[in-house]
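K.L.:
Okay, here's the structure, questions in a sec.
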Amino acid sequence: MNLIDFSSSSLSLLPPLIAITLAIVMRRVLLSLGIGILVSAILLTNYSFICSVDYVIQTVSNVFFIQEKINSENIYILSFLLLLGVMTAILTLSGGTFAFANWAKGKVKNKRGSKLLAAFLGIIVFIDDYFNSLAVGAIARPITDRFYVSRVKLAYILDSTAASTCVLVPISSWGAYIMTILSSILISHSLTTEYSPLSLYLHLIPMNFYSIFAILMVFAVIVFKLDVGPMRYHEIKIEQKKFTNPAFKNNSKEGNSFPKIKGKVSDLLIPIFALLVMTISMMLYTGYHSITKNGKPFTFFSIFENTDFSLSLFCGGLAGVILSLLITFQKRIQLIRIMKTVWIGAQSMFGAILILLFSWVIGSSISDMKTGIYLSSLISKTDMPIYLLPVIFFFISGLMAFATGTSWGTFGIMLPLAGDIATTINIGLFLPILSSVLSGSVFGDHCSPISDTTILSATGAKCNYIDHVVTQLPYALSIAITATAGFLTLAKTSSIAISFSVATIVFVATCLILSILSKSKIKNM
């Protein structure tokens, strides 16, 4: 199918802007994404109705099939979501969730402690952002519910620790993907003697200001109660119990419709531990198998660079479900109740899966619109002082991730472009510009209502997707200011220590402002 080329047209921005605006205004994510997809199809096919329909069908088909072969990566991810939903429901039926919540009640003494637990778990589980948001959400949700933490606050904690941590850790799905791109950049610019993909990645970590301070902001928000704007509204409402926390309605679907069964903490921890062990084991196995099959040099990090994360997650989820079922069978629960719980668990993920499918389709159509290429071309056409390049790349990457809903897609476009421009204009800015792309991509991802990580964080917390975006936005923008100060200083001084110090000062000042705002009165409560 011949598609219109919008790589040099501002019309390439229209579909994502329509989808994002409608999602925020109408608060109906599926309808908004659907309209964005249709607008893309109409533009790409030059307003042909038949071709537009054919394009949509073909794009949806590509989610499941690529060149007449099954798209196993997407199938495994969707299956993992279903398995995690089933596992969560079974753990509730077996009494494991309630046992863990009761155990945690003796260990976690207050609301702040429940939020800190969620934050620390979000950092510890750094393997993959999908796994992080869903698994940590399943563990932390019963505890934060007990202390009346709003679901949007939990979603903020999940989202801000998931991607932010994954992008800082080489041994993660994000680290592996980024290092493959960095490897091609080093080869194309003959820099393999100066850096290896891993050493370059490690050099970029302390310069990734947005991700580092996004994690620090989570703890500042928790410890100093920096609840501002819509987040403060939700927290006060929950505190005053003016409306019922959605948690309890959702939990009733996950197991409260059945008589409570006495469980043990191990009933929860054993399946989750099995999920973790199987996931990591499969990552090592698939990575090793890929290396030996292709004759690549064997190193510990090369295993993670070549691993199959989607298959590993699926196998981990399957192991968790099998063990949780075995534990449940030992309690002599009626088979019909177990089967009903399995269906309820799978059903709880249908909404998230549908939204994720729509986000994949609109992501593909936005790629066909060449939105990313158009945005990246704006940089090459702009005449600006050299020291502003890291900041420009930060915001362009943020805008691209916001519009496309994908950090990884932004990495794929912007990192090679950053390498080209830095090596051509000023090699001294090579590291700052690359790190600004990583930071900007996570920033835009945090702000975008069509991002898969945003969707899954809201799913893990079981809250409204748009509520999550709106409540997280003030914090993301605050950290963007901090990151901007860091990148400006880094470009001027080439000193990580000085730039990090300046960014820290701006971060503290930002927290003080948020503290003042958190104490202001809210009208029309």
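Every residue, even glycine, has its Cβ placed from backbone N, Cα and C.
TrEMBL labels come from automatic prediction, so no person has curated them.
Just so it is clear, the model here is predicted, and its values are computed rather than measured.
Feature table excerpt (TrEMBL):
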- 6-26: transmembrane segment (TRANSMEM)
- 33-57: transmembrane segment (TRANSMEM)
- 77-104: transmembrane segment (TRANSMEM)
- 116-140: transmembrane segment (TRANSMEM)
- 166-489: domain 'Na+/H+ antiporter NhaC-like C-terminal' (DOMAIN)
- 200-224: transmembrane segment (TRANSMEM)
- 268-289: transmembrane segment (TRANSMEM)
- 309-329: transmembrane segment (TRANSMEM)
- 341-366: transmembrane segment (TRANSMEM)
- 386-404: transmembrane segment (TRANSMEM)
- 411-434: transmembrane segment (TRANSMEM)
- 496-517: transmembrane segment (TRANSMEM)
K.L.:
Within this structure, do the transmembrane segment (6-26) and the transmembrane segment (77-104) have 3 or more Cβ pairs under 8 angstroms, counting pairs 6 or more apart in sequence?
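P.N.:
Answer no: the transmembrane segment (77-104) and the transmembrane segment (6-26) share fewer than 3 Cβ pairs below 8 Å.
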K.L.:
Six or more residues beyond either end and a Cβ under 8 Å away: which residues meet both conditions relative to the transmembrane segment (386-404)?
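P.N.:
Residues 13, 16-17, 20, 210, 363, 366-367, 371-372, 375-376, 378-379, 410, 413-414, 418, 421-422, 425-426, 429, 432-433, 435-437, 439-445, 447-448, 451, 480, 483-484, 487-488, 490-492 contact the transmembrane segment (386-404) from elsewhere in the chain.
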K.L.:
Give the one range among 33-57, 116-140, 200-224, 341-366, 496-517 whose Cβ atoms make the most pairs under 8 Å with those of the transmembrane segment (268-289).
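P.N.:
By the under-8 Å Cβ criterion, the transmembrane segment (268-289) pairs most with 116-140.
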K.L.:
Quick check: do the transmembrane segment (116-140) and the transmembrane segment (6-26) share at least 3 Cβ pairs under 8 Å, counting only pairs 6+ apart in sequence?
P.N.:
no
K.L.:
Can the transmembrane segment (496-517) be said to touch the transmembrane segment (309-329) if we require at least 3 CB pairs below 8 Å and skip pairs under 6 apart in sequence?
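P.N.:
No, the transmembrane segment (496-517) does not contact the transmembrane segment (309-329).
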K.L.:
Take the transmembrane segment (33-57) and find every residue of the same chain, 6 or more past its ends, with a Cβ under 8 Å from one of its Cβ atoms.
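P.N.:
Non-local partners: 1, 3-4, 6, 11, 14-16, 18-19, 22-23, 355, 358-359, 361-362, 365-366, 368-369, 450.
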K.L.:
Return the stretch with the most CB pairs under 8 A relative to the transmembrane segment (6-26), choosing among 200-224, 309-329, 341-366, 411-434.
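P.N.:
Between the candidates 200-224, 309-329, 341-366, 411-434, the best contact partner of the transmembrane segment (6-26) is 341-366.
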K.L.:
Hey, which bits of the same chain come close to the transmembrane segment (411-434), Cβ under 8 Å, at least six residues off its ends?
P.N.:
177-178, 181-182, 184-185, 188-189, 191, 200, 203-204, 207, 372-373, 376, 379-380, 386, 389-390, 393, 396-397, 400, 440-441, 487, 490-491, 494
K.L.:
Could you tell me the mean pLDDT over the domain 'Na+/H+ antiporter NhaC-like C-terminal' (166-489), as a whole number?
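P.N.:
Taking every residue of the domain 'Na+/H+ antiporter NhaC-like C-terminal' (166-489) together, the mean pLDDT is 84.
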